[in-house]
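Read the structure below first, then the notes.
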Amino acid sequence: MSPNTPLVLVILDGWGCGDRVEGNAIAQADTPNWNRYRSVWPRTVLKCSGEDVGLPPGQMGNSEVGHLNLGAGRIVYQDLTRITRAVRDGSFFENAVLRTSIEASRRNGHALHLMGLLSDGGVHSHISHLFALLELAGRLDQRSVYVHAFLDGRDVPPANALEYVEALEDKLKTLGYGAVASVIGRYYAMDRDRRWERTARAYRAMVYGEGLRASSARQAVEKGYERGETDEFIQPTVIVRDGRPVAQVRDGDALVFFNFRPDRARQITRSFTDAEFGGFERGPAPAFPDFVCLTQYDRTIVAPVAFGPQELTNTLGNVLSRHGLRQLRLAETEKYAHVTFFFNGGVEQRDPGEDRLLIPSPKVPTYDLKPEMSAREVTDAFLANIEKYDIIIMNYANPDMVGHTGDLSAAIKAVETVDECLGRVVEAVLARGGTVLVSGDHGNAEHMCDAEGCPLTAHTCNPVPLLIIGEAVAGRSLRPGSLQDVAPTILDLLGLPKPPEMTGTSLLS
């Protein structure tokens with residue numbers, strides 16, 4: 001391949017394969033380009049959940065996991081799997097970083113705070129990891145333990161928080177220590193798009209006790225529902241006892257963030273760890289607790305990490321760079337980390353010959369208000385740069401991000417926008433004799449309501465499609481596979497040898 005005959009990988013985020021038409025934004029959308037490509041060019045389906053991508057059996061995939069496996073060309077055992085195994089085999093309770101922090105807080109008379117997403121969605125966190133931390137605190141005789149519960153509503157049903165709150169309260173009652181100190185929708189606590197005003201509200205609730213008030217976590221959720229908020233959007237609420245906050249994060253306290261996925265953990269982490277911080281005004285007495293990251297959120301975050309990163313070598317980006325190929329990574333803000341950091345195996349540093357282009361996502365509260373997102377701008381940027389690169393890896397965020405809103409009509413519009421943009425990409429590549437691979441990373445937009453018609457905002461375990469478009473594959477057939485097989489297929493198309501670390505195999509028959 002050369003810039004005159006480029007190879008392009010287009011990742012359709014959240015575009016899964018579903019049999020039902022009801023609640024299926026992809027099936028209901030008008031997609032003339034997609035339909036034509038499927039009828040003409042080689043296609044197959046790829047497994048993208050559970051053990052096929054390094055997750056526990058039956059666990060739905062997600063964008064982070066999908067891009068890791070796509071770029072690595074092998075099954076990458078995910079942090080969820082690693083940490084859950086550590087809990088089961090007991091090594092979690094011997095983790096030196098966790099023990100050091102908890103023991104120091106007890107020894108110095110300070111509290112232990114545990115913050116993170118209260119959910120079993122398995123995308124950003126798992127409630128079982130929180131329970132393990134609570135048990136570890138007891139083993140180390142730390143009884144001043146406070147939970148700051150971020151509510152999900154995206155990776156699990158949108159109004160399911162009471163189930164998790166009840167499970168947490170039952171656990172605390174069984175243990176005989178600990179309390180919930182705040183309840184905050186992930187919209188505020190886990191923003192990743194530099195909407196610092198959201199992060200600020202979460203921070204001030206935890207540090208200053210500012211925000212709405214409730215006498216219990218259950219009441220905080222119920223009051224949110226009364227205001228018409230689903231779990232994700234429940235406003236930061238401080239739990240009070242006798243009119244005073246149950247607990248606030250103070251200097252010298254220990255604060256363990258039990259989310260394992262980095263992208264939505266970084267902003268709130270930096271508000272606690274960065275000495276020089278410009279995201280928002282932290283107030284007259286910012287807290288600098290003994291902060292622990294469950295996994296590495298960013299190499300530049302100065303805080304100990306309980307479960308360090310896996311080192312992945314010979315990823316697709318490494319191989320392309322070593323063979324002197326110029327590559328572009330292109331996405332809008334919401335998925336930029338996925339085509340860069342995650343696709344490169346959890347490494348921020350770019351390879352020689354790798355350029356990156358970030359297109360800002362629109363500034364709207366939720367993407368059902370603008371289902372087109374920045375797809376057309378991403379496409380314009382692609383067309384402006386197609387002559388410069390041998391390989392372009394790009395992402396369309398719409399099916400996933402709009403799918404998460406649960407608004408079927410908006411998701412249909414999102415899918416139609418992507419189909420329009422995909423047509424422009426394919427036309428430009430074919431005009432230059434190149435090849436386009438179109439792949440999903442996980443399901444979402446193909447299953448947006450349950451049998452009763454209630455909205456579903458979470459990912460699915462459905463497989464995703466893979467199409468290969470170009471004269472180089474005319475008349476060829478593709479075998480079924482999984483996401484790990486995409487990178488070896490790209491190397492096969494380029495005539496490059498597959499490194500031994502890649503356990504996936506080419507899908508070309």
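In case you wondered, yes, glycine gets a Cβ from its N, Cα and C as well.
Fair warning: this is a prediction, and the values are worked out from it, not measured in the lab.
What Swiss-Prot says about this protein:
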- Asp13, Ser63, Asp441, His442: Mn(2+) 2 binding site (BINDING)
- Ser63: active site, phosphoserine intermediate (ACT_SITE)
- His124, Arg154, Asp155, Arg186, Arg192, Arg261, Pro262, Asp263, Arg264, Lys335: substrate binding site (BINDING)
- Asp400, His404, His459: Mn(2+) 1 binding site (BINDING)
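Here the CA atom of Asp13 (Mn(2+) 2 binding site) lies 17 Å from the CA atom of Arg192 (substrate binding site). Restricting the binding-site residues Asp13, Ser63, Asp155 to those with a CA within 10 Å of the CA of His404 (Mn(2+) 1 binding site) leaves Asp155, listed by sequence position. Proximity to Asp400 (Mn(2+) 1 binding site), defined by a C-alpha to C-alpha distance within 10 angstroms, is shown by the following binding-site residues from Asp13, Ser63, His124, Asp155, His442: Asp13, Ser63, His442. Of the recorded residues, His442 (Mn(2+) 2 binding site) and His459 (Mn(2+) 1 binding site) place their C-alpha atoms 7 Å from one another. Between the CA atoms of Asp13 (Mn(2+) 2 binding site) and His459 (Mn(2+) 1 binding site) there is a gap of 11 Å. Taking Cβ-Cβ distances under 8 Å and a sequence gap of 6 or more within the same chain, the neighbours of Pro262 (substrate binding site) are Glu64, Thr295, Gln296, Tyr297, Asp298, Ala337, Phe341, Gly346. Long-range Cβ contacts of Asp441 (Mn(2+) 2 binding site) within its own chain (separation 6+, distance under 8 Å): Ile11, Leu12, Asp13, Gly14, Cys48, Gly61, Ser63, Gly66, His67, Leu70, His338, Val464, Leu483. For Asp155 (substrate binding site), the count of additional Cβ atoms within 10 Å of its Cβ stands at 21 [all protein chains shown].
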